[in-house]
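All remarks here apply to the structure that follows.
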Amino acid sequence: MKNPVRVAVTGAAGQIGYSLLFRIAAGDMLGKDQPVILQMLELPMEKAQAALKGVMMELEDCAFPLLAGMVGTDDAEVAFKDADIALLVGARPRGPGMERKDLLLENAKIFTAQGAALNKVASRDVKVLVVGNPANTNAWIAMKSAPDLPANNFTAMLRLDHNRALSQLAAKSGKPVGDIRKLVVWGNHSSTMYPDYRFATVDGASLKDAINDAAWNADTFIPTVAKRGAAIIEARGLSSAASAANAAICHVRDWLLGSDGEWVTMGVPSDGSYGIPEGIIYGVPVITANGGYTRVADLPIDDFSRAAMDRTLAELEEERAGVAHLL
Ligand SMILES: NC(=O)c1ccc[n+]([C@@H]2O[C@H](COP(=O)([O-])OP(=O)(O)OC[C@H]3O[C@@H](n4cnc5c(N)ncnc54)[C@H](O)[C@@H]3O)[C@@H](O)[C@H]2O)c1
Ligand SMILES: O=C(O)C[C@H](O)C(=O)O
């Protein structure tokens, strides 16, 4: 039996937590031979702590063979103690009519404090995925608040956008969703993101050529993916949860276990390539292996793409300026 991996999850009693924790404990994220210890954080409020207790009772009732231990707490330093993986989910979600950046100031404080707590007590190689919105800027805040940890280990979730784009492309082209390769979602997890299938292939053939519809790309595909979160909120009255949890599982699974040479989208601190200033957490295509990721480099950027990539960058820079005083 392998040694257990410590997985910290914040916002554990929330909607995403309720979809996420059971799949982690079932081995969907780290493999069916990898025991896990779940270290769950919730707000220090009676209702949140009671709900967390209920979630832990249900986890117990599943008798997951891979669940080697559980901690439920309202103290970030307890939740992050020696954590190998930290899924930062806990934050206020947006409601109808709000943009994700409307949550900026309210949620930013959480990520300053949690970055500092990770810095103090987590494993020195902790891999951090920020899900709570606005995810890119929150990841940047956490990274800046944890100067002793490797900056490249702070990532934001764009995998939900990536998966949404895959499904839209499969529906349009009639190709099986699992056969689409080399998709990218550039930039911010916000309505400015740029889903880009110029390089996408199915069985080695260009998907862009197969679709051959520039108007659909600009007028339907990009806005549908970019506004999907809002469409879910409109339909459900609540923001996406099971699909968000699934995307978090995909993101961490690929990061830790490798993507077998396939491209996946991760929000990672920029290395300055593609004209994105260093340090900004920006969605880019990466290939993952051995617990690390490598950017797909030197992709050609045409004028349409440059404009789209600059638009989402400008929003990230604006968000960063809006929280600079907290750091
Ligand atoms: N990046 C993405 O693709 C993506 C997708 C879906 C949702 N989200 C975001 O994820 C976040 C969580 O969504 P949800 O639907 O689970 O919300 P939710 O309100 O159901 O749950 C959030 C939970 O976090 C807890 N919480 C709040 N502040 C906390 C803190 N400082 N420490 C620990 N726990 C805290 C709350 O008590 C609550 O139980 C939201 O910000 C949402 O917008 C991101
Ligand atoms: O859109 C939201 O506010 C929730 C989440 O980020 C999503 O994309 O579904």
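In case you wondered, yes, glycine gets a Cβ from its N, Cα and C as well.
According to TrEMBL:
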ACT_SITE  HIS189  active site, proton acceptor
BINDING   GLY11, ALA12, ALA13, GLY14, GLN15, ILE16, GLY17, ASN107, GLN114, VAL131, GLY132, ASN133  NAD(+) binding site
BINDING   ARG94, ARG100, ASN133, ARG164  substrate binding site
DOMAIN    5-154  domain 'Lactate/malate dehydrogenase N-terminal'
DOMAIN    159-320  domain 'Lactate/malate dehydrogenase C-terminal'
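Residue annotation for substrate gives ARG94, ARG100, ASN133, ARG164. The furthest Cα pair among them is separated by 19 Å. Contact annotation for binding-site residues (GLN15, GLY17, ARG94) versus ligand 2: ARG94, each with CB under 6 Å from a ligand atom.
Spacing of ARG164 (substrate binding site) relative to HIS189 (active site, proton acceptor) is 12 Å (Cα to Cα, whole number). A straight line from the CA of GLY132 (NAD(+) binding site) to the CA of ARG100 (substrate binding site) spans 10 Å. When Cβ neighbours within 10 Å are tallied across all protein chains shown, the highest count among the recorded positions ARG94, ARG100, ARG164, HIS189 belongs to HIS189. Long-range C-beta contacts of GLN114 (NAD(+) binding site), restricted to its own chain and to partners at least six residues apart, with a cutoff below 8 Å, comprise THR10, ALA76, PHE80, LEU88, ALA142, SER145. Looking at GLN15, ASN133, the binding-site residues in this record, the fewest other C-beta atoms within 10 angstroms of the C-beta turn up around GLN15. Secondary structure from DSSP puts GLN15 (NAD(+) binding site) in a helix. Among the record's NAD(+) binders, GLY11, ALA12, ALA13, GLY14, GLN15, ILE16, GLY17, ASN107, GLN114, VAL131, GLY132, ASN133, no two C-alpha atoms are more than 20 Å apart, and one pair sits at exactly that spread.
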